[in-house]
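Feature list (source: TrEMBL):
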type     : residues : note
COMPBIAS : 1-16     : compositional bias 'Low complexity'
COMPBIAS : 22-33    : compositional bias 'Basic and acidic residues'
REGION   : 1-34     : region 'Disordered'
TRANSMEM : 112-133  : transmembrane segment
TRANSMEM : 145-169  : transmembrane segment
TRANSMEM : 189-209  : transmembrane segment
TRANSMEM : 229-248  : transmembrane segment
TRANSMEM : 285-305  : transmembrane segment
TRANSMEM : 317-335  : transmembrane segment
TRANSMEM : 347-364  : transmembrane segment
TRANSMEM : 370-389  : transmembrane segment
TRANSMEM : 410-434  : transmembrane segment
TRANSMEM : 454-479  : transmembrane segment
Amino acid sequence: MAASPGGSPAPAVEEPAPQPEAHAREPGSDRRASRGRLSFCTKVCYGIGGVPNQVASSATAFYLQLFLLDVAQIPAAQVSLVMFGGKVSGAAADPVAGFFISRSRRTGSGRLMPWVLGCTPFIALAYFFLWFLPPFTNLRGLWYMTFYCLFQALATFFQVPYTALTMLLTPSPRERDTITAYRMTMEMAGTLMGATVHGLIVSGAHSPHRCEEAEFPGPVAVSPNATCLYSIAAAVVAVTYPVCSGLLRLGVKEPPDPSAPVSSQDTSFLAGLALTVRHPPYLKLVISFLFISAAVQVEQSYLVLFCTHASRLHDHVQSLVLTILVSAVLSTPLWEWVLQRFGKRTSAFGICMMVPFAILLAAVPTAPVAYVVAFVSGVSIAVSLLLPWSMLPDVVDDFQLQHQHGMETIFYSSYVFFTKLSGAGALGISTLSLEFAGYEAGACKQAEQVVVTLKVLIGAVPTCMILTGLCILMVGPALKVPSQDTSRRLSLRRRTSYSLA
């Protein structure tokens with residue numbers, strides 16, 4: 001949703017006439033709309049729309065580095081460039097997506113929905129070729145850089161309009177929190193499905209017996225069926241894009257977006273971006289979750305490498321990943337209740353639950369400890385993903401009360417931009433540290449310096465980032481959540497601006 005100056009206050013209260021006509025045919029729907037409530041089907045279908053990006057992101061987060069290092073066997077320095085370049089590409093695409101979406105015209109499917117549907121086939125193709133092993137060896141790094149950058153950029157053009165739909169679907173803060181919880185629960189399920197299905201399919205490509213049969217401790221040839229297994233896994237994940245996008249289109253009808261016609265005339269995208277980044281509540285939210293989201297990405301990215309090369313947990317990799325994701329999925333509804341009951345700021349302390357356990361895993365990498373750490377980490381990851389998306393609509397409403405502008409698309413796209421940029425820096429630097437430590441691609445046994453580096457990356461690095469982010473989030477007064485009446489007035493102002501435009 002784009003920038004919205006909102007128009008003058010007087011007509012915003014006097015011209016709600018077109019809306020009752022639109023719903024006159026369905027009295028039950030009219031009553032539900034008057035309360036700002038959404039049907040169960042709409043909530044579920046909206047949640048399903050976020051599944052494919054999470055399925056793909058989960059698979060890449062847990063297994064892409066392992067694939068590039070041990071299957072594609074490209075040097076760790078090139079892997080660092082691939083990870084950094086891909087994340088930067090996704091981050092750079094966020095403001096670009098916000099710019100074009102804020103100036104796009106409404107179609108029969110809405111203004112945001114066509115972007116989601118149009119990106120779907122291209123993301124599926126880019127994701128598939130990301131896991132394809134080309135026949136040449138010299139330019140493999142460039143191959144994976146190209147398709148990872150393309151995948152991240154297209155995923156951004158899919159995700160920005162999808163998440164921005166939250167502000168249009170209902171004016172009620174409670175309902176927005178509810179559909180955010182539905183979305184996060186479905187996305188957690190997608191994360192679980194992505195890591196589990198992908199991991200089960202490619203598990204044969206990383207059998208520990210290949211090292212036992214090797215005569216030398218150096219690099220070992222990839223099993224003949226490894227490339228086939230990764231291609232099958234990529235195809236399975238890619239199919240989720242058209243399936244889930246189709247369900248999203250069938251179950252969610254995009255309401256009229258009032259902000260685009262006015263914003264494109266009165267406020268430029270860059271001017272709107274300058275306004276949003278100077279809004280103190282938004283600035284605090286972004287800076288705090290820069291550190292927290294980067295910590296979660298580092299923890300996910302190095303868990304499999306840590307289990308494979310820095311501990312004797314190779315046989316437990318699938319079970320540990322499954323434990324993390326199942327605990328995250330199951331705890332998401334609980335965290336939604338905590339958010340409603342105790343407030344969002346109090347719920348943030350749930351993120352730090354994983355801090356002592358991450359350090360414990362690095363110090364005592366045994367199977368019982370690993371499973372406890374995996375469970376607690378999943379609980380913490382759930383709230384770290386749910387909390388910012390629950391706080392962001394409140395920040396948007398607070399901004400509009402002060403400036404008479406909505407600028408929802410700019411808020412959402414710039415938030416994703418900053419978090420992806422922090423993840424790019426964290427993953428790029430951490431992967432480069434493996435190169436400096438002497439990581440040998442495809443080797444069965446790594447040097448002691450590599451083992452120590454992996455322990456630091458799985459324990460100390462996420463701990464410092466999480467504590468820093470929480471300290472920033474807790475500084476200053478808490479953001480006041482707008483009342484139901486205030487949010488309805490803001491929504492009415494958006495709709496009236498649209499009719500006047």
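Keep in mind that glycine also has a Cβ here, set from the backbone N, Cα and C atoms.
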Result, the transmembrane segment (112-133) in contact with the transmembrane segment (347-364) (3+ CB pairs under 8 Å): no
Folded-back contacts onto the transmembrane segment (454-479), same chain, C-beta under 8 angstroms, at least six residues removed: 280-281, 284-285, 287-292, 294-296, 298-299, 302-303, 305-306, 309-310, 343, 345, 348-349, 351-352, 354-355, 358-359, 361-363, 365, 391, 394-395, 398, 426, 430, 433-434
Beyond the flanks of the transmembrane segment (285-305) by 6 or more, those residues with Cβ under 8 Å of it: 61-63, 65-66, 69, 83, 277, 317, 320-321, 324, 351, 354, 358, 377, 381, 384-385, 388, 391-392, 395, 414-415, 418-419, 421-423, 425-427, 430, 454, 457-458, 461-463, 465-466, 468-470, 472-473
For the transmembrane segment (229-248), sequence-distant contacts whose Cβ falls under 8 Å of one of its Cβ atoms, 6 or more beyond its ends: 45-46, 48-49, 51-52, 55-56, 59, 67, 71, 113, 116-117, 120-121, 123-125, 127-128, 130-133, 162, 190, 194, 197-198, 201-202, 204-205
